[in-house]
Structures are given as C-alpha cells and as structure tokens.
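Colleague: Feature annotation from TrEMBL assigns domain 'G-protein coupled receptors family 3 profile' to 569-835. Sequence annotations record features per position, and here TrEMBL assigns signal peptide to 1-24. The feature transmembrane segment is assigned by TrEMBL to 571-592, 604-626, 638-663, 683-702, 732-753, 765-787, 793-812.
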Amino acid sequence: MELRTRTFWVLFFLLQVLAGPAEPAENLEFFLPGDYLLGGLFTLHANVKGTSHLTILQVPKCEEYDMKVMGYNLMQAMRFAVEEINNQSGLLPGVQLGYEIVDICYQTNNIQPVLYFLARTNYFLPIIKDYSYYIPRVVAVIGPDNSESTITVANFFSHFFLPQISYSAITDQLRDKLRYPSMLRTMPSASHHIEAMVQLMLHFRWNWIVVLMSNDDYGRDNSQLLRDRVARGNDICIAFQEVLPTPQADQVATAAELKQLESIVRKLKQATARVVVVFSPELALHNFFHEVLRQNVTDIVWIAPESWAADLVLHNFTGLQNTGTFLGVTIQEVAMPGFSEFRVRRPEAQPERPPNNTPRATCNQECEACLNITKSFHTVLTLSGERVAYCVYSAVYAVAHALHNLLHCSPYHCAKKTVYPWQLLREIWKVNFSLLGNQIFFDEQGDVPMHLDVVQWQWHLRQNPFWSVASYYPTQQQLKMVSNISWHTYDNSVPMSMCSKNCQQGQKKKNVGIHPCCFECIDCLPGTFLNQTADEYECQSCPGSTWSNRKETSCFKRKLAFLEWHEAPTIFVAVLATLGFLSTLAILIIFWRHFHTPMVRSAGGPMCFLMLIPLLLAFGMVPIYVGRPTVLTCIGRQAFFTLCYSVCISCITVRSFQIVCIFKMASHLPRTYGFWVRYHGPYVFVALITALKGVIVASNMLTTTINPMGHTDPEDPSIMILSCHPNYRNGLLFNTSMDLFLSMVGFIFAYLGKELPNNYNEAKFITLSMTFSFTSSVSLCTFMSVYNGVLVTIMDLLVTVLNFLAISLGYFGPKCYMILFYPERNTAAYFNSMIQGYTMRKD
Ligand SMILES: *[C@@H]1O[C@H](CO)[C@@H](O)[C@H](O)[C@H]1NC(C)=O
Ligand SMILES: *[C@@H]1O[C@H](CO)[C@@H](O)[C@H](O)[C@H]1NC(C)=O
Ligand SMILES: *[C@@H]1O[C@H](CO)[C@@H](O)[C@H](O)[C@H]1NC(C)=O
Ligand SMILES: *[C@@H]1O[C@H](CO)[C@@H](O)[C@H](O)[C@H]1NC(C)=O
Ligand SMILES: *[C@@H]1O[C@H](CO)[C@@H](O)[C@H](O)[C@H]1NC(C)=O
Ligand SMILES: *[C@@H]1O[C@H](CO)[C@@H](O)[C@H](O)[C@H]1NC(C)=O
Ligand SMILES: *[C@@H]1O[C@H](CO)[C@@H](O)[C@H](O)[C@H]1NC(C)=O
C-alpha cells in the first residue's frame with residue numbers, strides 16, 4: 001500500500017515537472033491518430049547506461065546520442081503492423097488503430113513516456129482510489145526493448161493493469177506474474193537462451209569457457225543463470241569470468257578503463273579456454289572489441305546472447321572476422337513480406353493531431369537522421385531478415401486480436417465502445433492466432449514460445465550476415481543443427497575448448513583442482529576395469545574368476561591352469577609311473593611264480609599281494625592327476641592314493657611286528673597269540689588301519705569341500721589354478737600324519753629286529769622308506785608354503801609316485817633280485833641255516 005502511494009506521489013511530482021514547455025516539432029512517424037492508441041517504446045538513440053541525465057531536472061534529449069538503426073527498424077515494424085491492420089478489412093473492421101511512440105533512449109528516458117501514456121489526453125493523471133474505470137491515453141504499450149527498462153516500466157503499468165508487451169526483454173524476473181501481472185512478451189525467456197547456449201557447447205564438446213559480463217543487471221543476471229545451469233549439469237566449467245568496465249556516456253575510453261580492458265584481453269589471449277560468452281548490451285562492447293582487435297586476438301569462439309547476437313554495428317567493425325568465429329543466440333527468423341520496402345518509405349502526410357493537443361506533445365519524438373541512416377543500412381538489413389522485428393509485429397497483432405474480440409467485431413463492423421486496460425489485458429491472455437506461419441499465444445508465464453536460432457556471423461557480401469546454423473525449440477528443450485558452421489580455423493575444424501582431453505578407454509579420471517572438467521587420466525591397473533557408465537573416477541576390480549590387463553574396460557575369463565599331458569613334467573612323472581607299474585607287475589608275476597618259496601613267505605606271503613595290488617592300482621591311477629579336476633578326480637586324488645599307501649605301510653608294519661614280536665607274544669601272552677592267529681590278526685590290523693584312514697580322509701574332505709577350487713597363480717594373476725583342496729598343504733599334512741606314525745612304528749619294530757638274519761631284517765628298508773616319505777612330505781609342505789602355483793600338483797604327484805616306487809622297488813626289489821639271481825639262497829635249507837646261525841650267535 002505504501003509503495004503504491006509513493007508511486008503516485010512520484011507520478012504527481014514528475015507530471016508537475018514535465019508540464020513545462022513541450023517540443024515544438026511534430027514528427028509524423030511517431031504519431032498516428034486512431035480510435036484506440038497503442039503506446040510504443042523504442043530505442044532510436046542509445047547511450048551507454050549513464051546517469052548524467054539525472055543531474056538536471058530535464059528529460060534527456062535523445063537526439064544528442066548516436067542513432068541506433070536496429071531500434072528504428074523495430075519502430076518501423078510497429079508502424080508497419082498498425083498500417084497493415086488498418087488496411088485489412090478482416091481484423092478490426094471500421095476501427096482505426098493509432099499509435100504514440102516515444103524514444104526511450106536505451107534507459108535514460110523511461111519514466112516520462114510512462115507518465116505520458118498513463119495521463120489523459122489533457123496531460124492530467126488524477127490521484128484517485130479506484131482506477132478500474134480510468135481511461136489512460138493508450139490501451140496497451142509495446143516495448144520497451146531491454147530488461148532493465150522493461151522492469152521499471154512494468155512496475156508502473158502493473159498498477160493500472162495496462163497491458164504491456166515487450167519484444168526483446170528476456171530476463172526471467174518478468175516471468176513472475178504476481179509482480180508483473182500485465183507484462184507479457186513475444187520472446188522466450190532468458191533461461192531458454194541460456195539452455196540453447198549450453199546445448200550448443202555440449203554439441204561441440206566445449207566444456208571450458210570464459211564468461212565476460214557487463215557491470216549491470218543484464219550481465220549479472222544472465223551470467224548467474226549460466227553459472228547455475230552449468231553447476232547443475234556438471235558438464236561445463238567456467239575457467240574464469242570478468243566484469244567489463246562500464247564505458248563513459250560518450251564512449252571515449254578512459255585510461256583506467258583501457259587498462260582494465262587490456263588486462264582482460266591479455267588474460268583471454270593466454271587462456272586455454274577458447275570459447276567466450278559475452279553477456280553485455282552491445283553498446284558496452286565497442287571499446288572491448290577495439291581492444292580485442294588491437295591485441296590481434298584470434299581463434300576465439302565468441303558466443304553472443306540476444307543483446308548483440310545480430311548487431312549490425314558490431315558486425316561492421318573492420319577486422320572482427322579475424323578474431324574468430326561469432327555465434328549468436330537470437331529469436332527465429334520470420335519473413336515479413338512488404339516490410340523491407342516499408343522500412344525506408346518516407347511517411348506520407350498524415351492528418352494533423354487534434355488541435356487541443358498540439359502544443360503539448362511529449363518530447364523525444366524526433367529523429368531527423370533516422371531514415372537516411374537506415375537507408376544506408378538497407379541492403380544489409382534486408383539480407384539479415386526479420387527476427388526481433390517479427391516480435392514487435394506479433395505483439396501489435398496480439399493487441400489487435402484481443403481488441404477485435406473485446407469489441408465483439410463481426411466481419412464488417414465493430415462496436416466502438418470504451419475499452420478499459422484490464423478488459424483488454426484479459427483478452428490478450430486468451431489470444432491464439434496464426435501469423436505468417438507461426439501460432440501466437442501466451443503461455444502461463446506470458447511468453448510466446450517462439451523458437452530460437454543460433455546464428456553465425458558472416459562477412460561475405462550479398463549473404464545474410466546472420467546465418468542460421470541451428471534451431472532451439474523451447475517446448476522440447478532441444479537444439480537441432482540445421483547447417484554446417486564455417487569455423488575460423490585454418491582447416492575449418494571445430495575449435496577445441498576443453499580443460500583436459502578426454503581420457504582414453506580404460507583410464508580413470510583424477511580431478512585436478514576444483515573443476516570437474518580438469519583431470520588427469522590414470523590407467524586402470526591389471527585386475528581392475530573402468531565402467532564408464534557407473535563411475536568415471538574409480539576403476540572397479542574384476543569379479544571372481546575374471547581378470548583384466550592394464551587400461552581395460554572389461555574383464556576376461558581367467559585362463560585355467562591344471563596339469564596337461566603335453567607338458568614335460570607330466571610326461572616325466574607319467575614315465576616314472578609307467579616304469580613303476582611295469583616293475584610292480586613284474587614283481588607280482590615273479591612272486592606269483594615263486595609263491596611257495598621261503599623268500600616270498602618271509603616277505604609276507606599272501607600279504608605281499610595285498611601290498612602289490614594297491615601299488616599296481618595306484619600306478620595305474622596316476623592319469624587322474626592330469627586334466628581339469630572334477631569332483632570325481634578330486635575324490636580319487638585325495639582318497640585313493642593315500643588309502644593305497646596306508647595299506648602298504650600297515651602291511652609292512654604288521655610284518656615287522658610279527659617278525660619281531662610273534663614269538664614273544666606266543667610265549668608270554670598265549671591267549672592273545674591265539675586270538676591273533678585265529679582271527680587273522682594281520683589282516684584285521686590292516687583292515688582297521690585302512691578303515692581309520694578312510695575315516696580321516698572322509699572327514700577331511702567333508703569338513704572342507706570336494707569341489708575343485710580356483711585360486712590365483714601368484715606369478716601370473718591372469719591364470720587361475722584349479723586345485724582340489726582349498727588348503728592343500730593342511731589337507732596333505734592331515735592325510736599323511738597317520739602314515740608317518742605307522743612308518744615310525746614300523747621303524748621301531750625294524751630297529752628292534754636289526755639283529756635278525758639279513759633276509760628277515762627290513763630295518764634298512766623301512767628306515768629308508770620312512771625317511772624318504774618323511775622328507776618328501778616335509779619338503780613338499782615347505783615348497784607349498786613358499787609357492788602356490790600349478791607346480792604344486794605335479795610335485796604332489798611326483799612325491800606320491802616316488803613313495804610308491806620306494807615301496808615297490810625298495811621293499812620288493814631286493815627280494816626279486818635274490819629270487820632271480822640267487823635261487824640257491826631261496827631254499828628252506830638256506831633259511832634254516834641262517835636261523836640256526838642267528839640263534840647260535842645269540843647264545
Ligand atoms: C495500406 O494501404 C495503402 C493504400 O492501399 C498502401 O499504400 C500501403 O502500402 C498499405 N500498407 C500496408 C502496410 O500494407
Ligand atoms: C598486431 O598485429 C599488427 C600487424 O600484424 C602489429 O603491428 C601489432 O603490433 C600487433 N599488436 C599486438 C598487440 O601484438
Ligand atoms: C536525407 O537524404 C535526402 C537525400 O537523399 C536529403 O535531401 C535530406 O536532407 C536528408 N535528411 C537528413 C535529415 O539528413
Ligand atoms: C560500416 O563501417 C564503415 C566504416 O568502418 C562505414 O563507412 C559504414 O557506413 C558502416 N556501415 C555499413 C552499413 O557499412
Ligand atoms: C491455439 O490454436 C491451435 C490451433 O487452432 C491449437 O492447436 C492450440 O492448442 C491452441 N493453443 C492454445 C494454448 O490454446
Ligand atoms: C555438413 O557437412 C557434411 C560434410 O562436410 C555433410 O555431409 C552434411 O550434410 C552437412 N550438414 C548440413 C546440415 O549441411
Ligand atoms: C556398468 O555399470 C552400469 C550401471 O551401474 C551397469 O548397468 C552395467 O552393466 C555395467 N557394465 C559392466 C560391463 O559392468
């Protein structure tokens with residue numbers, strides 16, 4: 001409420017001030033009488049935002065500033081639209097639309113035209129409580145062009161619900177319809193412009209950019225929008241940003257300004273970022289680009305926002321094409337037939353203003369030089385096509401359509417009734433019509449969703465200087481390239497602007513500094529891989545049975561290692577096993593043939609076969625160590641050989657026991673001896689030991705697993721070794737512990753019987769066998785604790801085969817030798833003589 005009161009005081013005060021002497025000249029271009037007047041706010045003359053005009057209590061004289069051709073072009077578009085509507089019989093039949101246009105001089109002349117439009121025809125703005133039925137001079141206002149002026153103006157007009165349609169103010173603040181209920185525009189908002197820019201950068205993979213901004217709302221707001229957008233996307237980084245100095249009103253650069261510009265341009269020249277976004281009104285850029293040209297900057301991609309994306313004056317700077325590629329984001333181009341001729345047409349004599357108004361016409365409605373200067377730009381303006389001019393044109397048409405609906409026009413006649421601004425505003429929100437191929441309607445934010453173009457600046461004569469290369473569709477948020485860009489690079493290649501080059505396949509990123517775009521590339525180590533979709537910054541380790549080389553994006557299945565036939569160690573052991581098998585077979589046959597001889601009997605008689613057959617089987621089963629382990633071969637490897645071994649060892653032990661103790665047992669413990677003989681004590685003992693060993697082996701297997709397990713080869717991680725026991729060494733120790741114990745017992749008996757005749761004395765052999773088995777087991781375990789590769793299996797096999805060979809050749813070999821080569825010693829008589837000799841020695 002207080003704000004409103006204050007506004008009115010300001011209005012009142014200013015009206016008093018402005019009621020001074022009015023401009024004498026009447027310019028026909030600025031005024032057209034009609035039944036309903038539209039206000040128009042354009043920038044025909046421009047000054048850099050200066051405050052010098054606020055030091056005197058006068059409206060600034062715009063004609064003192066440089067003329068702005070683009071502004072005049074837009075004003076002509078409004079005049080063109082009104083004239084076209086008045087010519088047409090279909091829209092507003094019988095109604096004459098008029099206009100009142102004021103040059104706002106960029107930002108220096110905002111308030112005076114506002115008051116002028118709000119006041120009645122007699123320059124009187126009443127201070128009243130209720131403006132619902134107040135009729136201002138104009139029914140709607142078109143403009144102004146820049147965001148700052150638009151916000152200033154909209155603050156006033158919103159109090160009166162006076163419809164205001166801006167044609168190029170893009171700031172997002174204006175989307176707030178609670179603050180600016182009567183403000184609409186025929187241009188997409190700034191966030192769409194920013195999104196188009198970002199998508200352009202992403203399309204060309206530019207992620208390292210420089211942002212330059214003017215020291216005003218335009219620069220600050222838009223660069224903030226861009227910063228927010230890239231922070232959200234996390235795919236573009238801003239190398240640095242600089243604020244451009246605000247030039248003097250007369251555009252003459254001061255020493256301080258030059259120094260600042262020089263350092264900015266020097267920094268730009270040295271930067272690795274080659275893409276530069278410049279958020280600034282075009283007027284503040286003249287000095288900047290002079291400095292850019294002076295320092296011979298080249299190879300930059302300049303990205304221009306709406307404010308200078310299609311600026312003819314900057315485009316006309318000599319030598320600018322050598323500084324790089326210029327890309328601008330601006331509104332789409334729409335051809336407006338007839339406008340090109342209209343633009344440079346000298347206004348015809350118009351009817352005079354109503355006499356009572358004549359002396360008090362508002363100021364800044366003159367531009368003597370406009371037409372002549374615009375004529376000099378005629379060719380290039382025609383080549384450029386209409387972009388923002390169409391926004392002005394469609395804004396006028398939107399008001400006309402709303403008025404048409406409000407006046408309930410039939411095809412021939414309109415009811416020319418009084419129009420209150422709020423009534424018209426309601427109708428403007430509802431319009432939806434087609435104009436030169438585009439559907440014009442306002443979305444919830446009061447914007448017309450026109451699409452945007454990315455234009456490339458060109459300097460070839462007779463060509464559109466702002467050539468469309470891409471289109472951005474706000475509703476789909478999508479950028480489509482429509483034409484190739486001719487890059488200002490020596491081979492027309494797309495310029496690069498990246499902080500770090502993309503990593504190669506299989507390299508992870510490591511951030512350097514704070515920007516996500518700057519990183520080092522580090523190879524993923526063997527055994528890890530990079531899943532780019534999941535995480536670019538961390539290599540993941542390969543799962544279970546897979547492995548990878550350095551710098552990989554996936555893992556391969558590890559090579560399985562197991563014993564194979566064609567390998568030299570396998571062949572060696574196989575040959576040993578074959579020899580063992582053949583010699584054991586030979587021994588078996590020899591023993592069979594000489595079964596009844598004393599040598600065989602002393603060796604254990606039938607028990608020899610109990611040893612020889614498992615030995616034969618064990619040698620024959622050696623092939624199950626070769627090839628890929630399966631559950632069956634694992635059971636075989638872990639159980640079969642060790643059972644065979646236990647049978648042999650227990651046989652030997654029980655024989656030593658019998659030789660040494662059987663007589664003592666017969667004399668001292670006759671009952672036990674009776675049992676021993678009656679129940680075939682040795683066989684029971686062997687069966688018991690075997691059963692015990694079976695239990696040990698089974699429990700060992702059951703407590704772990706019988707499935708073959710894979711583990712990594714310590715020397716080459718890309719190889720996986722398949723083995724039968726997760727902890728082979730402990731399993732082995734466990735399995736052989738009882739064998740060792742039996743060997744020990746056997747050794748003790750053998751030692752006790754060391755005095756026996758040679759042919760009964762096995763102490764040597766058992767000592768040998770036990771020592772061998774013991775040392776081989778110990779060395780195998782030692783070997784395993786330092787080495788875990790595939791050789792473990794072959795060592796295990798070798799030790800097993802050698803243990804069996806030791807029994808086969810060491811125990812049976814000498815006996816066979818005697819049988820074959822000393823048959824005279826293999827007689828009962830010889831044995832008897834030996835025993836007699838022994839007993840005599842004992843006595
Ligand atoms: C309007 O009609 C007049 C007279 O026919 C013509 O000279 C003028 O070019 C027309 N204007 C437009 C904008 O069509
Ligand atoms: C720019 O180039 C011109 C001619 O090539 C040279 O005279 C001038 O010194 C250069 N300026 C700078 C700042 O390097
Ligand atoms: C515009 O140009 C015409 C001739 O081309 C000339 O007669 C007229 O004086 C010029 N007007 C101004 C304001 O310079
Ligand atoms: C462009 O600049 C040149 C001088 O730099 C000037 O003579 C000319 O009038 C300007 N405008 C056009 C449209 O060429
Ligand atoms: C405008 O009119 C067109 C066709 O007449 C229709 O397809 C579109 O949905 C309308 N838009 C709105 C916002 O009403
Ligand atoms: C761009 O140029 C390439 C070859 O240089 C061509 O194949 C492609 O069609 C062109 N694209 C457009 C949109 O013109
Ligand atoms: C990579 O990660 C994605 C997402 O986490 C997943 O869908 C995909 O399967 C992974 N690819 C590989 C090869 O692991």
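Positions of Cβ are set from backbone N, Cα and C atoms, glycine also.
Describe the structural context of each listed feature in the structure shown, including burial, neighbouring residues and relevant distances.
Modeller: Residues 565, 600, 603, 608-609, 612-613, 615-616, 619-620, 622-623, 625-626, 794, 797-798, 801-802, 804-805, 808-809, 812-813, 816, 819-820 of the same chain, all 6+ positions outside the transmembrane segment (571-592), place their C-beta atoms under 8 angstroms from a C-beta of that stretch.
Within its own chain, the transmembrane segment (732-753) has Cβ neighbours under 8 Å at 638, 642, 645-646, 649-650, 652-653, 656-657, 659-661, 689, 692-693, 696-697, 700, 725, 760-763, 765-767, 769-770, 773-774, 777, 780-781, 784, 796, counting only residues six or more beyond its boundaries.
With a cut-off of 8 Å between Cβ atoms, the residues of this chain six or more beyond the transmembrane segment (765-787) that come close are 652, 656, 714, 728-729, 732-733, 736, 739-740, 743-744, 746-747, 750, 795-796, 799, 802-803, 806-807, 810-811, 814.
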Colleague: May I ask for the residues of the chain that lie six or more residues beyond the transmembrane segment (604-626) and have a Cβ under 8 Å from a Cβ within it?
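Modeller: Apart from its flanks, the transmembrane segment (604-626) reaches 562-565, 570, 573-574, 577-578, 580-581, 584-585, 587-588, 591, 595, 633, 636-637, 640-641, 643-645, 647-648, 651-652, 654-655, 682-683, 686, 793, 796-797, 800-801, 804, 807-808, 811-812.
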